[in-house]
Ligand SMILES: NC(=O)C1=CN([C@@H]2O[C@H](COP(=O)(O)OP(=O)(O)OC[C@H]3O[C@@H](n4cnc5c(N)ncnc54)[C@H](O)[C@@H]3O)[C@@H](O)[C@H]2O)C=CC1
Ligand SMILES: O=C([O-])CC(=O)C(=O)O
């Protein structure tokens with residue numbers, strides 16, 4: 001087998017989101033991929049599903065004529081088997097429970113933080129130079145947990161949510177106006193929950209502000225559909241989305257591997273440095289940043305309207321409540 005000298009992206013959690021991230025990285029021939037997951041029990045038998053998925057994706061790569069190496073590794077819940085994380089350029093964390101209908105993302109907090117803790121410790125041990133992309137929910141709080149547990153520089157730990165929320169907002173605008181996605185410019189910032197903040201002050205279609213294109217009521221309807229976009233899919237599928245989340249992660253992976261300096265909304269650690277623009281301290285929350293080889297490299301400062309500032313504060317407060325919860329429970 002050829003030894004492909006490419007960057008390495010490790011994905012911990014080869015479930016719906018993880019396998020779609022691997023699949024897209026392979027299709028785009030961006031990197032070699034290492035997948036990590038627990039063995040699965042079915043009818044009293046144990047299956048090495050992660051190895052099967054890796055082999056399947058590798059054969060897909062052959063079918064479409066791309067050269068990437070994809071490998072799968074069994075790990076245990078107490079953190080054994082993570083040595084192959086070594087030399088990873090990026091580690092994507094998609095391990096943990098997805099929500100079911102009727103649940104909020106915050107309902108996943110205690111179960112998923114316990115999973116993230118073990119993984120983050122192993123990432124720090126075996127891949128100390130990697131950029132970490134956190135996907136597991138509630139993503140802002142778990143990004144904070146991953147940052148604190150790895151002890152990495154703040155720029156190296158990024159939560160994925162804003163790219164997805166923005167893609168959803170663009171989808172609904174594009175459907176309504178019958179206009180190409182490529183003509184729509186917008187950002188959704190704040191925490192990845194019901195309080196996320198679509199930034200109307202900088203959103204436009206081909207240069208025309210959204211507020212001039214829609215009635216107040218219609219705009220409200222599109223914003224609400226975006227805010228509850230994850231829940232809409234959970235109610236349709238019984239589990240959460242993975243195609244758009246997978247593609248959103250790969251946007252970030254590509255920006256890092258190609259040092260694109262791409263501006264995208266991501267969940268990052270704020271310590272009050274740009275309080276004039278985004279007032280927040282000791283919290284991970286979504287805002288536009290420049291993403292390149294070093295992770296997130298710069299905060300993009302946007303003058304929020306008074307209304308946006310209030311929505312931002314509310315969103316930050318709800319993420320902080322989650323952080324306080326895991327601190328009180330001594331889970332980090
Ligand atoms: N940030 C965002 O915008 C999004 C976040 N998510 C979140 O991503 C996470 C994954 O979602 P799905 O892939 O749909 O779930 P899934 O259930 O299909 O996959 C999760 C995988 O994690 C694995 N896993 C569980 N515990 C583990 C451990 N201790 N060590 C290693 N692997 C472990 C499971 O075996 C499973 O294969 C969920 O928490 C979900 O809420 C999903 C979509 C978007
Ligand atoms: O809705 C969920 O639980 C998964 C997620 O974060 C999303 O799709 O936005």
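The backbone N, Cα and C atoms fix where each Cβ goes, glycine too.
The active site, proton acceptor feature in TrEMBL is assigned to 192. The feature NAD(+) binding site is assigned by TrEMBL to 13, 14, 15, 16, 17, 18, 37, 112, 135, 136, 137. The feature substrate binding site is assigned by TrEMBL to 99, 105, 137, 168. Among the features that TrEMBL reports, domain 'Lactate/malate dehydrogenase N-terminal' is placed at 9-159. Positions annotated as domain 'Lactate/malate dehydrogenase C-terminal' by TrEMBL: 164-328.
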Notebook entry, point to check: Taking the residues the record says bind NAD(+) (13, 14, 15, 16, 17, 18, 37, 112, 135, 136, 137), how far apart in Å are the two Cα atoms that sit farthest from each other?
Noted result: 17
Notebook entry, point to check: So which of 13, 99, 105, 137, listed as binding-site residues, have a Cβ under 6 Å from an atom of ligand 2?
Noted result: 99, 105, 137
Next item on the list: Can you see whether DSSP assigns residue 105 (substrate binding site) to helix, strand or coil?
Entry: helix
